[in-house]
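Student: From TrEMBL, for reference:
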type	residues	note
BINDING	92-99, 157-161, 211-214	GTP binding site
DOMAIN	83-264	domain 'Tr-type G'
Amino acid sequence: MATELSSSPAPVLSIKHQTFATLKKPHISSLSHFLSKSHRRCNYSLSISKHSCVFRVSCQSQATDAELATRVGQDRLLKVPASNIRNFSIIAHIDHGKSTLADKLLQMTGTVQKRDMKEQFLDNMDLERERGITIKLQAARMRYVFENEPFCLNLIDTPGHVDFSYEVSRSLAACEGALLVVDASQGVEAQTLANVYLALENNLEIIPVLNKIDLPGAEPSRVAREIEEVIGLDCTNAILCSAKEGIGINEILNAIVKRIPPPSNTAGCPFRALIFDSYYDPYRGVIVYFRVIDGTIKKGDRIYFMASGKDYYADEIGVLSPNQMQVEELQAGEVGYLSASIRSVADARVGDTITHFNRKADNLLPGYEEATPMVFCGLFPVDADQFPELRDALEKLQLNDAALKFEPETSSAMGFGFRCGFLGLLHMEIVQERLEREYNLSLITTAPSVVYRVNCVNGQTVECSNPSLLPEPGQRRSIEEPFVKIELLTPKEYIGSLMELAQDRRGEFKEMKYFTESRASLIYELPLAEMVGDFFDQLKSRTKGYASMEYTFLGYKESQLIKLDILINGDCVEPLATIVHKDKAYAVGRALTQKLKELIPRQMFKVPIQACIGSKVIASEALSAIRKDVLAKCYGGDISRKKKLLKKQAEGKKRMKAIGKVDVPQEAFMAVLKLEKEVL
């Protein structure tokens, strides 16, 4: 007589080991108890005969974890209840391993197959890979099985730089939690702090992760203490990991499931979704990335953008995993994309609220802002024939980047070009590099400037980003300039040199505090105009690369600013005019006149080069004339003959100076613009 006994274990993907054992009857119960407790992934059956039994065991070994993840990853379009959705972001300073960790999470959950995997998978642009920074954020939906239950994990990757802090704030608003990734050898940096504070403002659950623990210089206990002291987060449950080596990745995934709260189940409310990113596709129009806050959206619904007032039909909706995968509907708590043949990114701005056209929501989701350019510069093509190509390139780039502003500008020195507005210096560098790479343009960039507010005598306020647009001195009552609050994190041995740098740039000292015995934070209020030059380069060179900085815009303050004009042979050269502080006017004027003297070729007449404030000359240099030796033919004779020839030459030079024109070469303008960046 034979009896079959079996357990009800977790589903088995594949049989790796199969064991046949012949046992005595007394051992049956102890072995079955042992297997049920310690080997949850085992199937066993037993055949009992008169004297013995045959015990058959098939179990899944640990080696099948990757195979299980692959299979589960392919099922990521399957719906899960709202309680099993986790929306999270990764917060980290540049180079602390954010992109590497994102790669590992995608790989471990089977979202990206090993054959498709490459480093910095979510960083699509070559520029991002070269610089090691995230410029354009991405999203990825992952499926993860925890305790035999499927979970949907939505990673919303964010750019880390201060220039894109508004996009970061909207991405964090679309999440319920965040991984705070800190390099275990370097510790807390300035941008980490800024983004953590943004996350805390959005009431996110923050999970500290100490990365790069495999490095010889890693000090996890010191860094954990630093996080507790600086940010005030409890690091007793901090996860130690090495994204590169794959250490601690499972613990991170488990912590995301256990510690990050699920989104609210508001599927029955009127539809509202938050846009956290958008980009332009030349074939489908604008693609919008959004998080559903309330309600449900289905393919074909007529949708309404509450801030821009535009309405469209949702032709296609889907999820990002990380490639776009179409679905029929998305519910509250889910993250996805939509395509609706939108022609302009301005119609679907980051931070806008999407709702149904026929059943509009009562109010917008909080936090929407218009992107305001902070830094301006002139972009001119080296070859004047490329002006139409530059205009087309800027228009195409603006379709992808709604924060980019530009208007035509004409310069007597550089011809036709554009005055462009950017969110910050990094944004400016990226736009310039993309124009040169993607559209094969050769560009000249003028020195970056900021927007000044001029309060006129008649009560009007004029915004001016170009010195040539500044009203006359008689019409100005005062000039205001933008100020920023800047936080510098530095080792203690460099405090003196950084304080000197900030004081030289008209910084106003606010606070200094020590985080640890060896690291301190300096807080200054600084004019933005002083920071858009080489401030960051100076910061890094004075501290051997150890210091980091973060700044936030404070507002406008009145300052003693003046317009410094450059006169060459009595003619004002507008492209060289600058707005400077009264105390720095002489130093800037002296540097500019000396540089121009070296670069402008000598003429047949004397050329004065002057730096002026209004009609007052504060610095002057002169190019001596090229003289023809008119006395060469006078090999003898009376002195009066020589005097007559010299007098005639002097009259000719005087007449030539009155009607003569000095051509300033392109190289001189370029060198002076470079000098302006250093001096200002």
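Cβ atoms are placed via backbone N, Cα and C, with glycine included.
Bear in mind that TrEMBL entries carry predicted annotations, made automatically and left uncurated.
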Student: Given the binding-site residues Ala92, Ile213, and counting only Cβ atoms in the protein chains shown, which has the most within 10 Å of its Cβ?
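Tutor: Selected residue: Ala92.
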Student: Cβ atoms within 10 Å, counted per site: which of Asp95, Thr158 has the most, among these binding-site residues?
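Tutor: Of Asp95, Thr158, the one with the most crowded Cβ is Thr158.
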Student: Over the domain 'Tr-type G' (83-264), work out the mean pLDDT and round it to an integer.
Tutor: 79
